[in-house]
Amino acid sequence: MLRGQEERKYSIRKYSIGVVSVLAATMFVVTSHEAQASEKIPTTNAAAQKETLNQPGEQGNAITSHQMQSGKQLDDMHKENGKSGTVTEGKDMLQSSKHQSTQNSKIIRTQNDNQVKQDSERQGSKQSHQNNATNKTERQNDQIQNTHHAERNGSQSTTSQSNDVDKSQPSIPAQKVIPNHDKAAPTSTTPPSNDKTAPKSTKEQDATTDKHPNQQDTHQPAHQIIDAKQDDNVHQSNQKPQVGDLSKHIDGQNSPEKPTDKNTDNKQLIKDALQAPKTRSTTNAAADAKKVRPLKANQVQPLNKYPVVFVHGFLGLVGDNAPALYPNYWGGNKYKVIEELRKQGYNVHQASVSAFGSNYDRAVELYYYIKGGRVDYGAAHAAKYGHERYGKTYKGIMPNWEPGKKVHLVGHSMGGQTIRLMEEFLRNGNKEEIAYHKAHGGEISPLFTGGHNNMVASITTLATPHNGSQAADKFGNTEAVRKIMFALNRFMGNKYSNIDLGLTQWGFKQLPNESYIDYIKRVSKSKIWTSDDNAAYDLTLNGSAKLNNMTSMNPNITYTTYTGVSSHTGPLGYENPDLGTFFLMDTTSRIIGHDAREEWRKNDGVVPVISSLHPSNQPFVNVTNDEPATRRGIWQVKPIIQGWDHVDFIGVDFLDFKRKGAELANFYTGIINDLLRVEATESKGTQLKAS
């Protein structure tokens, strides 16, 4: 019996040793993996890292398997002999277990010391692999830099920082190294740069487009940036354009004697518009549109200091002067610009001027729309062209309009030309009217006397034909089309019509006691049928060139232009309208697209791109959508908007489902924000002068 008890005690001791050994092995495996995790260092050599990580894992798995088998054998022995155990045997077992645990603890400490030593050796090996991989990556990057002639700043410091990571702290796994020809690849501890205000040259953009033709930047603003470089070199032609020869003027803008940048050349700008990917996103536009500041409940003072006056273009009818079925000019049904901006707390107005009148007549009407009073076209002008001197009477939105009290002017299409001419009259007057007044006496409108500076803060043009349009030369100003336009005016001038198309100064309004037959006979004798004092002529290349010669830049005004393009190059090299272009502009788009001069072909359906960028004889600079457009005395040319035709700027194409109201809201919000920056810049300048 004593022998049996001794055997059972021996079995129990063996079982205790096994249990403790299993626990020790488990602790060893956990400790080994923790040490391994803490010693991982970022490396660009994925193969070496994988090989290093697999070694301790395999050792741990082998140890665990061996200890599990030993534990299982001891467990089987315990099941056979453990049924007859006594309390005394249990006490002996506990004492033996304590003694054995002490011995096992010493063994574990010895094993851990050995493991730490092995891990240190592996760490040195991994560090060597990392240095070799890093050096190899640097040599590859140097080759890429030599190939693409691009500067990479900070790559050495980044590599050094990666090698000097504190080994006492767990490191973040290294990212896969991708060669970047524009800038150094960011490390895992530094987030990639998201700076969109840094300009790129056209050459860099073309290279990016070639490498990733289908890649789109979803973080870009609503308008596609064609020319994203801010050019500090002002472009000014020394020669004024010859009438009917604008192409020579544009080709000669950048003379070899002047410092120029191909990024600001009109031909290059249009070429970039062809190659640049379309990244306009209506989703992004909808998100940006939500940034519009709502009108506060107790707000009385508008958000903008100076009123914003929107001026429509050719064929435009607004407010009470628009027929029942005529679309809302500013925004259509997609986004009612005037109404929505007023809800946001902005002081905005839509001017109502002649839909068919000349820029001269429209400029005079615009002045009286703002100031108020009866329209005075001028005695000299009326005598020269043969229409009435006085027109309708405006109530005025700003009767106290005078120097120091300014307005912002935003013009679509022909409206941009009208704005420029009115500002010229305010500042420099009308020489013909001044001379006529001196010779004949009588009254003269304050508009024509000049000396009224500092009454306009900014001029913004949207798809304006500053240099004219071939569509007017070859279609709009033809005799047949003019007869149709004037016949429409004659019909709408009957006594029962409340619609004013803007030619009442020419007699296109039936008198109360006049029969319709007599009215037709009278109007048929009007000089308008053969006159150039109308919109059809002013939109031609010659008419626009004359306007450019009449106007100048005001150093106190911020000038900005927006341009769209909705055509593509066909197999024969001519421009064809894009799918989705407003159907009424298909013919005019093809007329422009088949011009003999290649740089004049790209268009928005009505206006060639080269004409909308800026007046050909005035200085300009290309700006991005990200930078504040607050410069004065120079045309700031915004990037060409891909896929926008002439009426997309005002949202009246009800058949175009690609252009959403949120996109239009974002566009006009951007304009308003620029105008607020102009006011802030002006206020800051005033404070600096006062101090």
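Cβ from N, Cα, C; glycine included.
Straight from Swiss-Prot, the features:
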ACT_SITE  SER413  active site, nucleophile
ACT_SITE  ASP604  active site, charge relay system
ACT_SITE  HIS646  active site, charge relay system
BINDING   GLY580, ASP645, ASP648, ASP653, ASP656  Ca(2+) binding site
COMPBIAS  41-72  compositional bias 'Polar residues'
COMPBIAS  73-82  compositional bias 'Basic and acidic residues'
COMPBIAS  94-115  compositional bias 'Polar residues'
COMPBIAS  125-135  compositional bias 'Polar residues'
COMPBIAS  142-172  compositional bias 'Polar residues'
COMPBIAS  186-196  compositional bias 'Polar residues'
COMPBIAS  197-214  compositional bias 'Basic and acidic residues'
COMPBIAS  258-267  compositional bias 'Basic and acidic residues'
REGION    34-267  region 'Disordered'
SIGNAL    1-37  signal peptide
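What Swiss-Prot annotates, mapped onto the structure for a quick look.
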{"residue": "SER413", "record": "active site, nucleophile", "DSSP (3 states)": "coil"}
{"residue": "GLY580", "record": "Ca(2+) binding site", "DSSP (3 states)": "coil"}
{"residue": "ASP604", "record": "active site, charge relay system", "DSSP (3 states)": "coil"}
{"residue": "ASP645", "record": "Ca(2+) binding site", "DSSP (3 states)": "coil"}
{"residue": "ASP653", "record": "Ca(2+) binding site", "DSSP (3 states)": "coil"}
Once GLY580, ASP645, ASP648, ASP653, ASP656 are set aside, which residues in the chain still have Cβ within 8 Å of the Cβ centroid of the Ca(2+) site?
SER566, THR581, PHE582, TRP644, VAL647, LEU655, LYS658, ARG659
Which Cβ among the recorded positions (ASP604, ASP645, ASP648, ASP653, ASP656) has the fewest C-beta neighbours inside 10 Å?
ASP656
Residue from SER413, GLY580, ASP604, ASP653, ASP656 whose C-alpha is spatially nearest that of HIS646 (active site, charge relay system), among the recorded positions:
ASP604
Can you tell me how many other Cβ atoms are located within 10 Å of the Cβ belonging to GLY580 (Ca(2+) binding site)?
16
Distance [Cα-Cα, Å, rounded] between SER413 (active site, nucleophile) and ASP604 (active site, charge relay system)
11
For ASP604 (active site, charge relay system) and ASP645 (Ca(2+) binding site), what Cα-Cα distance in Å is obtained after rounding to a whole number?
4
If you draw a 10 Å sphere on the Cβ of SER413 (active site, nucleophile), how many other Cβ atoms land inside?
28
